[in-house]
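Annotated in Swiss-Prot:
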BINDING   78, 83, 101, 102, 103, 129, 130, 142  S-adenosyl-L-methionine binding site
């Protein structure tokens, strides 16, 4: 299975160390093993290569933007089974990642993975987003919901000059969502995620 990860990463021109591939391999295997117990991903995607291509690769496509902005800490909202937070933390060990997940089941899984993969740069926050009081310079979210459902709540957690990086799908749908929230932010930028293994994906950067 590590050979599959190595091939996929090479196709996307990702830089990696073998120890990181081992962690990703173990992480995917744990999702497959515990999916039924913790309700981590949909059954239609519950095979190794689907998780690798649809979730791991997709999560990593945001890392160049993170390195470009270079925040010291990142809040990942609605981390679920750990996409993108766990994946980013594996390859970005110099930064602190706060993974916010309200579901007890999923946050329990995240705590298990944090320990097993020895991710010292990860902290799991198990509560509703409305309880979070800390301000962040960078927030990630990878959700199927429309941006207008969470834009204001997340904006209130941003430091001045901070930004939200939302993983999104088709560009035409993004335009509709952006028009609904454009007055909330000083600048909105859409970045196309070009990858052989990731179809029609974009990042939306919302600047406070």
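Placed from the backbone N, Cα and C atoms, the Cβ positions cover glycine too.
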Counting other CB atoms within 10 Å of each candidate's CB, the least crowded of the binding-site residues 78, 103, 130 is 130
With every protein chain in view, how many other Cβ atoms are within 10 Å of the Cβ of residue 102 (S-adenosyl-L-methionine binding site)?
16
What kind of secondary structure is residue 102 (S-adenosyl-L-methionine binding site) part of, going by DSSP in three states?
coil
Looking at S-adenosyl-L-methionine and its recorded binding residues 78, 83, 101, 102, 103, 129, 130, 142, figure out the farthest C-alpha pair and report it in angstrom, whole number.
21
Residue 142 (S-adenosyl-L-methionine binding site) in three-state DSSP notation:
coil
List of residues, in chain order, with Cβ under 8 A from that of residue 83 (S-adenosyl-L-methionine binding site) and at least 6 apart:
55, 56, 58, 59, 142
So, three-state DSSP: helix, strand or coil for residue 129 (S-adenosyl-L-methionine binding site)?
helix
For residue 101 (S-adenosyl-L-methionine binding site), write down the residues of its own chain that are at least 6 apart in sequence and whose Cβ falls under 8 Å from its Cβ; none is a fine answer.
78, 79, 80, 107, 110, 124, 125, 126
